[in-house]
């Protein structure tokens, strides 16, 4: 007697080929950008080891008992260590911000698979060189600043590439919720980076950089062999291409000018026999200033500048703040800081789901930003009063801080990059993503740098800066919120009239 088909095989047969490939792309791009964030996290964990209070440790025989910095790593052993550590953050984030504006342009003009895989391998090399400074006993500040700059430039290859790849494979339906789940790679990468770096920080902090560097380079090789840029390359159906959509695209007029092609419509040509045939040209890549003219790009870019300032200040300085304020060792502080990223996962999914349900991205971001300001104030005064309080406050702050940041960098960027004014030109996606994330990266560079200066005067000043930045982010969305409220009220009046 022959048995029925195995359940797993029946399940595989029930899943379409398109769904399999799309699931594969989601998992791949998730893992790739997880590696990017994992490789940039170790510096925040290692900070607590580069400068330590050595008075509580037994000193070697040749060290004076009055020397409280003998266990620190030069040149970070002096009282200006916060400024020096801040300069490492600034070097990385400024180069990242500058490089991001050009990365989207290159990403649209180079093969995506080569660009992404090459960037990941280079990131792995530069990250590892930071750790090799430990084994080569390098104490020159310029060495660490140099590789922070190079790594910052290499890291810009990641975000525009993975967002463009996702945009090539997925349409707009439930984009906020899907992107909210997918964007948890940021928090997952931060958590993995913290745990991996924390495992080595107290014994050999060089491995805190080298191990993540090897991992991202290995995934870069995997990317080269397996990434599929477009559904058409493997015979899958491209997103948003039902018959009615195709007909609508054929009816769209040409929309371009002499300096900036937004879209090229379908053209009809005649062959030698006189028969007309339709030929769809590939749309040209949009220019930088053309992308800025897309409605909403400027507002969300400036909003992200301040939102990312807050998020990245937590990313780079939270472990040190916990270690100094609550007297945890570097490993425990790094482990505890991952709770902020856990909250970030929840916040990204929550913001995406609310945005999908309401269709109001600006209102969703603004409400979460409004709630963030008082929560930061409360955390500053109550956050370290007990372990349970710290855990709760870190998760809540992670939800509110990273929710808007996640929504803007994923679903909002993808929506603006495929805005109706572009008339189907998907070439704008990488450039729009790079503009929005590049603007945010300016804030990401400013936040940790200012925190390095202000923290020497007291952590209160750092939190005042974060609250001010959060308020600025809210104000920059006022015009878009007003438009969304008018649309919402208009829809309610229409429904009331129809009743």
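Each Cβ is built from the backbone N, Cα and C atoms, and glycine gets one as well.
Annotation comment: Swiss-Prot describes 21-40, 86-106, 116-136, 138-158, 187-207, 208-228, 302-322, 334-354, 362-382, 391-411, 434-454, 458-478 as transmembrane segment. According to Swiss-Prot, the N-linked glycosylation site annotation covers 53, 62, 66.
Residues 33-42, 44-46, 48-50, 73, 131-135, 315, 319, 329-331, 334-335, 337-338, 341-342, 344-345, 348, 398, 402 of the same chain lie 6 or more positions beyond the ends of the transmembrane segment (187-207) yet place their CB under 8 Å from a CB of it. Compared over the glycosylation sites 53, 62, the count of CB atoms lying within 10 A of a residue's CB peaks at 53. Put simply, of 116-136, 138-158, 362-382, 434-454, the stretch with the most CB pairs closer than 8 A to the transmembrane segment (208-228) is 116-136. At the 8 Å Cβ threshold, with sequence separation of at least 6, the transmembrane segment (302-322) lacks contact with the transmembrane segment (21-40), having fewer than 3 such pairs. With a cut-off of 8 Å on Cβ pairs spaced 6 or more residues apart, the transmembrane segment (138-158) and the transmembrane segment (86-106) reach 3 or more such pairs and are scored as touching. Among the stretches 21-40, 86-106, 391-411, the one making the largest number of Cβ pairs under 8 Å with the transmembrane segment (434-454) is 86-106. Outside the transmembrane segment (391-411), and at least 6 residues removed from its termini, the chain residues within Cβ reach (under 8 Å) are 159, 163, 175-176, 179-180, 182-183, 186-187, 300, 303-304, 307-308, 310-311, 314, 336-337, 339-344, 346-348, 350-352, 355, 361, 364-365, 368-369, 371-372, 375-376, 378-379, 382-383, 433, 436-437, 440, 473.
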